[in-house]
Amino acid sequence: MFPVSLPTNSFLVAALSLLLIRISCSSLSVPDIPHIAVYFGTKTRYEEVNSHLLRDALSVNTSVLKPPPTERCSLVHLTAVIRHGSRYPTVKNIRRIQKLSELVRREASRGSEGWLRDIQSRWQMWYTEDMDGQLVAKGREDLRQLAWRLATLFPSLLSEENVKMRRISFLTSSKHRCVSSIEAFQEGLQQHWGQHEFYYSHAVDDKLMRFFEHCRGYMEGVENNRTALLEVEKFKRGEEMEAVRRRMAERLGLPQHRLTPDLVEAAFFLCSYELSIKSLHSPWCFLFNESDAKVLEYKSDLKQYWKRSYGYAISSLSSCPLFHHVFRTLDKAGRPRRSTEASPEPASILVGHAETLLPLLSLLGLHKDKTPPTANNYQSQHGRSFQTSRIVPYAANLLFVLYDCQRGPRLQLLINESPVRFPGLETEDAPLYRDVRATYRHLLDGCDFHGECEGRTGGRGPNTEL
Ligand SMILES: *[C@@H]1O[C@H](CO)[C@@H](O)[C@H](O)[C@H]1NC(C)=O
Ligand SMILES: *[C@@H]1O[C@H](CO)[C@@H](O)[C@H](O)[C@H]1NC(C)=O
Ligand SMILES: *[C@@H]1O[C@H](CO)[C@@H](O)[C@H](O)[C@H]1NC(C)=O
C-alpha cells in the first residue's frame with residue numbers, strides 16, 4: 001500500500017492547494033465596488049486610479065518609461081515622493097461618524113429599503129478614537145505592492161544589490177502612518193528580492209516632509225486664517241450641497257435641519273473608509289448617487305485647491321525646501337563621473353502626506369487649470385485637471401526618473417505611475433535635464449524658504465503667478 005498512497009497523497013495535496021488558490025483568487029476577484037468610489041478625493045483608493053491593479057496588484061506597464069527612442073539611454077536615478085497608504089479616520093471624523101450613526105439609528109424612519117435596514121440593524125460603529133489616522137493593514141499592502149512594482153519597473157536602480165547594500169536612501173515625515181508606510185515599502189523591496197526577514201533604516205525629517213508646519217507665512221495666512229477658505233465655506237452652504245443634503249435627508253426620512261453639511265460629508269467618508277479599510281460596499285454608500293458624489297468631490301477639491309495648492313502662492317512656496325532637496329539630489333546623480341568614482345545614489349524614497357505632494361505639484365506647475373475652482377463655477381469645472389481623486393489617492397506618488405542619454409541627462413516625471421509632461425516642455429516625455437533646470441531657473445535660484453515664509457505675512461493674494 002505504501003508506494004501507492006504516496007502519489008495519491010501528493011496528488012491530493014496538489015489538488016487541494018490548487019483549490020485553495022482558486023478560492024482565494026475568486027474571493028479577491030469579486031470586487032463589489034460602489035459606483036461613487038472614484039470621487040472620494042484624498043480618501044480614494046489607489047486602485048480606483050489604476051484599475052488594472054484590481055486584477056493584478058503587481059502588474060507593471062514598462063512602456064511608461066519613455067526616454068527618446070532615437071537615443072541610447074540608461075537609468076541613473078529615481079526620486080520618489082510618496083503619500084502614505086490607506087489609513088483610519090482621524091479623531092475629528094470618528095466623532096462625526098459616531099454622531100451620524102446615532103442620529104440615523106434614533107431618528108431616521110424605519111427602513112423599508114434593505115440598505116437602510118442594514119444601517120439600522122446590522123451596521124455597528126466600530127471606529128474608536130485611538131485609531132486616529134493610523135495606517136491600516138491595507139495601507140501597508142499599498143506600499144509593499146508599490147515597492148514591488150517599482151522594483152520591477154526600475155530593476156537596475158532598486159536592484160537586489162542596491163537594496164542589500166543599503167544604497168537607497170529613505171526619508172519620512174514623523175507621523176505614525178508615514179513611518180509605517182516607509183517600513184512597508186522597505187518590506188516590499190526586500191520581499192521582491194526574496195528576503196523574508198526585514199530590516200528598516202530611514203531618517204525622519206519634518207522640515208522636508210511637513211514643511212507647511214514650519215512656514216509661518218503659510219500657517220498665519222492660510223492654515224489658521226478663517227477667511228482663506230471662503231470659497232469652501234460658500235460652497236458648503238451653496239445650492240449644490242444643499243440639494244445633496246436634501247436628498248440624503250429624504251432617503252433617511254429625517255428633517256433636513258437635523259443633517260449638517262459635516263454629517264453629510266461624514267456619511268460619504270464612511271462609505272470611503274469601509275471600502276478602503278475593509279474592501280466593503282457599505283450600506284452607507286446608498287445615500288449618494290453619482291451626481292451627489294461629484295458635488296462632494298468638488299467640495300474637497302475646493303478645499304485642497306485653496307488650502308494646499310494654487311489658491312495662495314505661499315502654499316506652494318512653502319514646499320521650496322523639498323523642491324531644492326529633490327533637485328540637489330538629481331544634480332548630484334546626473335553629474336558626469338570618472339569611472340573610478342563611486343556610483344551615484346540610485347534612489348531616494350521620500351514619504352509624506354497629500355499636504356506634502358500638492359504644494360510640490362503646484363510649485364512644478366502641474367494640474368493647473370485656466371480658471372480657478374470657486375463656489376460659483378461648479379458647472380463649468382467638470383473637465384478640470386485639478387481633481388484630487390486622481391492626483392492624491394492613498395499611496396499617491398510623484399516619480400522623478402533621471403536617465404543618462406547620448407545628449408546628456410534627461411528627466412521624466414510620472415504621477416501615480418503614469419507619464420506626465422513638464423509644463424512648458426510639452427513636446428517631450430523626457431526632456432534634457434538642463435532644459436528642465438532652465439524652466440525652473442527662477443525657483444532654483446530663488447524660492448528661499450525663509451524669505452517666503454518669514455518675510456511677508458498673509459496669503460500674498462490669490463493666484464499670484466510664480
Ligand atoms: C502602458 O503605458 C502606455 C504609456 O503610458 C500607455 O499608452 C498604454 O496604454 C499602457 N498600457 C496598458 C496595457 O495599460
Ligand atoms: C441622482 O439623483 C437626483 C435626484 O433624484 C437626480 O436628479 C440625478 O439625475 C441622479 N443622478 C444620477 C447620476 O443618477
Ligand atoms: C487671510 O486671508 C485673507 C484672504 O486671502 C487675506 O486677505 C488676509 O490678509 C489673511 N489674513 C492674514 C492674517 O494673513
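Cβ coordinates come from backbone N, Cα and C, glycine included.
For Cys405, the cysteine that TrEMBL lists as its disulphide partner among Cys73, Cys178 is Cys73.
Per TrEMBL, the residue from Cys285, Cys320 that shares a disulphide bond with Cys271 is Cys285. Taking a C-beta cut-off of under 8 Å and a sequence gap of six or more, Cys285 (disulfide bond) has these contacts in its own chain: Pro34, Ile36, Cys271, Glu274, Leu275. Contacts of Cys73 (disulfide bond) defined by a Cβ separation under 8 A and a same-chain sequence distance of 6+ are given as Pro67, Tyr403, Asp404, Cys405, Gln406, Arg410, Ala430, in order along the sequence.
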